Structure formats: C-alpha cells, structure tokens
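**Q** The structure that follows is given in the form of structure tokens.
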Amino acid sequence: MIEIFIFGWIAGILLSLAIGPLGSFLIWRKMSYFGDTLSHSSLLGISIGFVFKIDPVYSVMITMFFITLIITYIERVYQFSIDIILNIISNTALSLGLVISSLIEEFRTDLVHYLFGDLLKVNLNDIIMISIIISIIILIILWNWNSLLLVSINSELSYIDGINIFKIKLILMIIISLTIGLTMKFIGALTTVALFIIPAATARPYSKSPEKMSIYATLFSISSITFGLFFSVIYNIPSGPSVILCSTIFFFISLFTKNKDFYFK
C-alpha cells in the first residue's frame, strides 16, 4: 500500500511542477474555458486510443495538440471570437467522443476510470514517462518565461518589444494542452482542469509577483495531491475527486484569510 501511495505521490509532485505555472497562465490570460474545451476533447482522444490500440495518454495528447492547432488556425484566419470557436470545438469533440465510445464495449467498461482518474494506479513506467514529458515542458516554460509572461500580462507592451505574439501564444496553448492530456489519465477527464485553476487561484492572494504565484500554485497543487491521496487511501474514495476537494478547501481558506488587495486581477 505504501508503494502505491508513493508512486502516486511522486507522479503528483512531477505533474504539479508544470501545473503550477501553467495554471497561473490560464488565470492571467483568462483561458479557463480553453482548459474546459481540452477536457471535453480528452474523451475523443481516449476513444481514438481504443480504436487504434494506442496508450490513451499518447492518443489524448496527440488529439489535444491537433485541436489546439485547429483552434489557433480558425481564430487567426477566420477571425472568429475565441469563445465561439471553443464552444463549437468543445461540444463537437465531446459528441464525437461519445459516439465512438458508445461503439466500444471495452471503453464503456473503463469509462469511470478515465472520467475520474486514479493516482493510486501509477507504476514505475508512468513515473518515467511523466518525468521525461514534464522535464521538456518545464524547460520550454523556463526558456520562454519572460515572453510568455509579458504576452500574458500586457500584449501591447510585448508587441512594442518585438515579441512574436502569435508564436508565444501558440507555444503556451500547446504546452497547456499536452500537460492537460498527460494529467488526465491520473486525475480524470472531468477534474483535470480544476487542478490547474484552483491552486493558481488559491495562490493569487498570497502573491506579489508572477514568479511567486507560480511557486505557490505549485505548492498548493502538491499539498492538494498529498492530502487527496491520503484521504483516498484511508476512506477508499476516488483519488481524483479527493484531490480536487482538498484543493477547494485550500482555496476557501485563502479566500477568507487574505485581503482582496492581491497583485494579479
């Protein structure tokens, strides 16, 4: 039992290293609905994985990558409102995923697992895979940190500084989509985006700089996963929802214990 807990905990810590800063970017850029769109799209990715006998983690990440490209292309070329594009893509991907999944008996059997995830089923191979992918994502974030931050906080200033705004936005959307796709298997399709948004929102009242907000969001994410896994083992409840409930408790504690004069709106 301890080994199962430790593997899940290590996986949670590794994921949190990317979830913290990326969740902060989602809040700064007001992109929470983009996260919801990717969450809905995960069902399509899982279904495609079952059809072609691919590990759902990879099929979801590939699906989200292409969906991100489609969203970016439509917004740039046809100049539709991003809200309209996300709504159409979200519901189309969800509907297509439901249609395909209804035709696959094996998928219907494992549906609950993919909807809610299970950190307690992480194995050594999962740890290795997460380590490699998260390391690459963190390197991309660090390498482009100043540009990502400036585009997220002040697009006009970033344009004046000669930053390629489209390129930076695309990089951000792609690494967010890949991280959500990776996290989905362990936290669940229905609850993954919440783990990005809630710790970052919890960190916001305590933060006076973007770097601090990213660090605090990471720490709150790790704390949520630690307590969530503990309660999951003790009370035999799904680990994904347990993690999100713990994260929500931290959020309300921060809401009522800190003043409203925080740095980022």
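Here the Cβ of each residue, glycine as well, is placed from N, Cα and C on the backbone.
Copying in the features that TrEMBL gives for the protein in this structure:
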type: TRANSMEM; residues: 6-28; note: transmembrane segment
type: TRANSMEM; residues: 58-77; note: transmembrane segment
type: TRANSMEM; residues: 84-104; note: transmembrane segment
type: TRANSMEM; residues: 124-145; note: transmembrane segment
type: TRANSMEM; residues: 186-203; note: transmembrane segment
type: TRANSMEM; residues: 215-234; note: transmembrane segment
type: TRANSMEM; residues: 240-257; note: transmembrane segment
**Q** Excluding the flanking five residues on each side, which residues at least 6 beyond the ends of the transmembrane segment (124-145) place their CB within less than 8 Å of a CB in that stretch?
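**A** Same-chain residues near the transmembrane segment (124-145) but 6 or more away: 7, 10-11, 14-15, 17-18, 21-22, 57, 168, 171, 175, 178-179, 182, 186.
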**Q** So are the transmembrane segment (58-77) and the transmembrane segment (84-104) touching or not, going by 3+ C-beta pairs under 8 A with a sequence gap of 6 or more?
**A** yes
**Q** Do any residues, 6 or more residues outside the transmembrane segment (240-257), come within under 8 Å Cβ-to-Cβ of it, and if so which ones?
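**A** Beyond its ends, the transmembrane segment (240-257) has Cβ neighbours at 12, 116-119, 186-188, 190-191, 194-195, 198-199, 201-203, 205-206, 220-221, 223-225, 227-229, 231-232.
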